[in-house]
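Accompanying notes for the structure given below.
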Amino acid sequence: MGKLIKGKPVADAITLEVKKDVEHLKQNNIFPKLKIVRIGEREDDIAYERAALKRMQTCDIACEVVALPAEISQEDFILKLKSVNDDKTVHGILLFRPLPKHIDEDKVKYIINAEKDIDCFNPINVSKVMEGDETGFSPCTPTASMEILKYYNVEIRGKLAVVVGRSMVVGKPLSMLLLKEDATVLMCHSKTENLKELTSKADILIAAVGKAKMITKDYIKQGSTVIDVGINIEQDGNLFGDVNTDDCLEKSGLITPVPLGVGSVTTAVLAKHLVKATKLSILY
Ligand code: NDP
């Protein structure tokens with residue numbers, strides 16, 4: 001029988017460290033501040049925003065939201081983002097993605113300074129993730145998945161990690177983070193042939209697909225670790241991961257639930273990154 005590995009103890013451990021750091025910074029008259037920039041009213045952005053605000057409050061970190069209309073022009077958005085970036089009291093910026101289709105990501109991705117880019121949007125940070133250089137910021141969700149593996153002492157070195165999904169937000173950077181820890185990494189996507197055959201060899205299986213309950217027990221190896229990154233909100237408001245947890249639990253070794261899995265660690269990583277950005281701001 002597999003064991004459910006929840007995100008809360010991982011998030012609590014990270015939060016504890018963050019709180020100590022924030023206290024120390026404040027004693028030195030440095031007041032960490034996060035700015036969240038949201039365009040439009042997407043349900044998943046708002047849910048994440050709420051969770052992030054709560055986490056920052058717990059960590060005693062100031063957090064403000066800039067909510068922009070869905071129809072904001074590219075020019076106005078660029079001006080707004082530049083002014084947030086230029087604000088010296090702001091140490092870290094979280095910009096919700098994907099951006100609306102009328103805004104060209106290539107025109108905005110360098111605006112947030114790499115030192116304030118705590119969710120890895122700026123290509124400088126993206127390339128640092130590729131290089132395995134930890135001086136930048138890796139994206140929060142893949143990092144949260146790694147924190148879970150480390151907290152529960154999952155052996156990564158030399159193991160076969162199969163990542164289903166190759167987006168820039170989750171699949172690709174997570175593959176690089178696993179590679180840095182010496183996993184043998186296989187990245188799968190919608191054109192992958194014989195997916196089941198590949199995933200069922202994985203010692204560590206990461207599901208970042210965006211398809212509710214797609215991964216059933218036929219996709220997993222006996223005793224493996226299964227990390228479910230998926231967040232799929234059904235029309236009735238129910239939330240499911242990409243893994244059919246009930247079906248996989250018995251065959252797996254360790255498996256994260258949804259909700260209460262990766263998602264709950266993501267905001268703690270965001271807070272940890274904000275503290276790192278605040279410390280960086282002292283150096284520059
Ligand atoms: P994307 O839609 O950007 O990417 C999905 C990936 O899955 C693509 O690479 C796609 O392949 C691949 N894919 C789609 N269908 C299949 C299939 N049938 N077989 C194999 N691969 C497939 O999603 P994201 O990466 O942004 O997000 C993935 C999941 O993680 C979503 O459920 C999202 O909600 C969730 N998420 C969770 C977060 C958290 O904090 N827990 C934060 C961010 C996302 P291809 O490239 O060929 O199209």
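Cβ atoms are placed via backbone N, Cα and C, with glycine included.
In TrEMBL, annotation is done automatically, which means it is predicted and not curated.
The domain 'Tetrahydrofolate dehydrogenase/cyclohydrolase catalytic' annotation in TrEMBL covers 5-119. Summarised as a single figure, the pLDDT of the domain 'Tetrahydrofolate dehydrogenase/cyclohydrolase catalytic' (5-119) averages 97.
According to DSSP, the domain 'Tetrahydrofolate dehydrogenase/cyclohydrolase NAD(P)-binding' (139-279) comprises 52 helix, 26 strand, 63 coil. TrEMBL lists 139-279 with the feature domain 'Tetrahydrofolate dehydrogenase/cyclohydrolase NAD(P)-binding'.
Residues or ranges marked as NADP(+) binding site in TrEMBL: GLY165, ARG166, SER167, ILE231.
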Same chain only, sequence gap of 6 or more: which residues have a CB within under 8 Å of the CB of SER167 (NADP(+) binding site)?
ALA208
If you draw a 10 Å sphere on the Cβ of GLY165 (NADP(+) binding site), how many other Cβ atoms land inside?
23
